[in-house]
Amino acid sequence: STPLCPLPHPQPGAPDLLVSPSSQDGELGSECPEDRGNWTGRLDFLLSCIGYCVGLGNVWRFPYRAYTNGGGAFLVPYFIMLAICGIPIFFMELSLGQFSSLGPLAVWKISPLFKGVGMGTILIVSLVAIYYNMIIAYVLFYLFASLTSDLPWQHCGNWWNTELCLDHHVSRAGNSSVPANVSNTVSPSEEYWSRYVLHIQGSSGIGDPGRIRWNLCLCLLLSWTIVYLCILKGVKSSGKVVYFTATFPYLILVMLLIRGVTLQGAWKGIQFYLTPQFDHLLSSKVWIEAALQIFYSLGVGFGGLLTFASYNTFHQNIYRDTFIVTLGNAITSILAGFAIFSVLGYMSQELGVPVNQVAKAGPGLAFVVYPQAMTMLPLSPFWSFLFFFMLLTLGLDSQVRTEPTEPGVPSRQPEGSGEPLLLQFAFLETIVTAVTDEFPYYLRPKKASFSALICIALFLVGLILTTEGGMYWLVLLDDYSAGFGLMVVVITTCLVVTRVYGMKRFCRDIHMMLGFKPGPYFRACWMVLSPATMMALLVYNIVKYQPSEYGNYQFPTWAEALGILMGVLSCLMIPMGMVVAVLQEEGTLWERVQQASRPATGWGPALEENRSGAYVGSLAGSQSPKPLMVHMRKYGGITSYENTAIEVDREMEEEDEEESM
């Protein structure tokens with residue numbers, strides 16, 4: 001089988017003008033670009049998706065969100081929102097990628113008028129990648145710090161500690177009671193995080209970043225190096241790496257779960273986590289929280305799922321994979337809650353305080369609370385190393401819901417804003433695949449060098465995050481890079497596929513791949529339920545907007561304006577792309593819009609052997625190349641090119657009529 005080149009092949013008898021530079025991705029007469037590659041094993045894709053969806057958010061966000069929204073009762077709206085919003089959009093994104101074998105930018109051959117959606121996706125991914133790798137750098141920092149016989153955050157008395165530091169180990173050893181009001185004291189792990197790792201006391205705010213923390217800088221460099229090496233040979237290498245990174249966290253999670261439930265007081269934490277409070281179900285906030293958790297935990301809209309699916313064989317059963325991954329992600333989140341809250345229950349009993357005083361989410365859990373709990377266990381460096389190694393593997397191939405709040409301080413962001421979760425391998429793979437699919441003749445042979453340039457550029461931009469005031473910049477990126485813009489991207493994608501491209505045509509494409517069409521459940525969700533739910537989330541985020549803050553620090557106006565600009569810029573890519581697409585067409589404004597909204601030349605399966613029905617031997621689009629339009633104006637009449645487009649549309653309509661009968 002021979003891959004279709006971006007050069008469209010003219011119909012028998014069609015004028016040579018059909019092969020025009022305006023409809024090519026390469027030069028006239030050039031050979032087909034280098035092959036994109038495919039997954040080398042049957043499980044590569046499935047494990048990559050599992051690693052993508054099962055990540056840091058499952059460990060440090062879901063359990064906290066569950067217990068604050070009704071405990072066990074939260075599972076009711078959680079699984080309902082999974083069915084309405086999560087599974088359908090997940091399946092749609094996989095279908096688009098597998099059918100076209102294109103990345104998140106080139107896939108908009110489906111409707112070039114909306115190519116700006118792809119550009120917005122790449123912008124969001126790039127912004128999130130900059131600060132997400134900083135989270136991985138923090139994990140590496142703690143991983144190396146665990147390679148010692150005595151954890152550095154175990155006791156007070158270090159140069160970074162203050163007089164507020166309370167060493168609970170010393171208190172218990174001296175048979176002294178722990179103060180009932182622990183809010184007036186600071187744990188050693190908290191001061192280690194804020195005063196040693198971040199050294200945030202060296203900065204007065206976001207406008208005063210201070211000096212670069214070279215230990216963090218080296219960890220950030222190592223993080224980018226690991227990611228680059230893992231995808232150096234494309235999906236052939238990252239597909240093998242994910243066999244380890246997607247499965248090993250489960251082994252550690254089970255070890256932590258077994259260790260946790262065998263501790264004294266573990267049931268106290270589990271009971272706190274799962275006790276159902278059904279009165280919470282009457283609150284709209286709980287349903288919004290459940291939808292937000294589903295939306296961000298599955299990582300839709302970032303282009304990662306679409307990119308992974310684009311490397312599938314054409315008939316891969318993504319319908320089955322969709323349910324395996326989405327339900328597996330939900331079950332893992334629930335199990336992670338047992339592992340986390342069993343340890344927190346033990347910790348609350350040791351400290352003599354309620355569970356809700358030690359339960360936190362996000363980095364507050366990963367870098368303060370859980371490390372402190374590790375110091376209370378025998379062989380604490382061993383368990384600490386395992387925990388952070390699990391976070392590293394989850395972070396490298398998983399999504400994250402970053403919520404960098406100061407320990408002990410409630411979240412400073414509106415519910416659901418700034419919840420980027422992305423697969424770290426998919427960061428680079430999404431960006432590189434998107435650009436190389438646009439310029440396959442030039443960039444695919446140099447994919448390794450191009451990937452290195454992307455890594456270096458993002459590393460240099462991320463150096464601001466390694467400074468003493470880097471946490472302020474991380475908070476700003478977290479709040480604004482992928483909240484509002486990401487929802488707009490996903491809503492637009494759903495509406496374009498169902499309204500512009502057409503539900504019947506999209507279902508027929510899925511039938512070509514899988515041998516059956518999606519049932520009424522998927523069609524109802526795609527047409528009404530999913531976009532309506534996401535629009536409700538978007539409105540909720542706007543209504544609940546609050547200015548960014550970190551602890552007691554209020555961000556200045558210029559920083560807020562910069563953050564809003566970051567969020568709006570990805571949305572502005574959509575109308576900007578429309579203007580460019582319309583200007584590339586000929587005719588009146590309405591004719592240009594119609595031409596640009598139809599599938600472009602070459603849209604369809606990547607291999608001739610997979611093309612059937614309307615895609616066989618046809619140019620599956622109606623965008624007229626400019627030289628052909630010149631020919632039309634000179635000689636008049638309907639050209640073979642336009643006649644082919646008309647016949648394709650007519651054939652699709654006839655097929656729809658036959659099926660309805």
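Cβ coordinates come from backbone N, Cα and C, glycine included.
Reviewing CYS165, CYS217, the cysteine that TrEMBL connects to CYS156 via a disulfide bond turns out to be CYS165. Residue ranges 216-237, 480-501 are listed, and TrEMBL annotates 480-501 among them as transmembrane segment. Neighbour counts of Cβ atoms within 10 Å were compared across the binding-site residues ASN58, SER297, ASN329; the minimum falls on ASN329. The recorded stretches the transmembrane segment (45-63) and the transmembrane segment (287-311) share 3+ CB pairs below 8 A when only pairs 6 or more apart in sequence are counted, and are therefore in contact. If you count C-beta pairs under 8 angstroms between the transmembrane segment (117-144) and each of 75-96, 480-501, 521-543, the highest count goes to 480-501.
Contacts between the transmembrane segment (521-543) and the transmembrane segment (563-583): absent, as fewer than 3 C-beta pairs lie under 8 angstroms at sequence separation of six or more. Across the structure, CYS165 (disulfide bond) and SER297 (Na(+) binding site) are spaced 36 Å apart at their Cα atoms.
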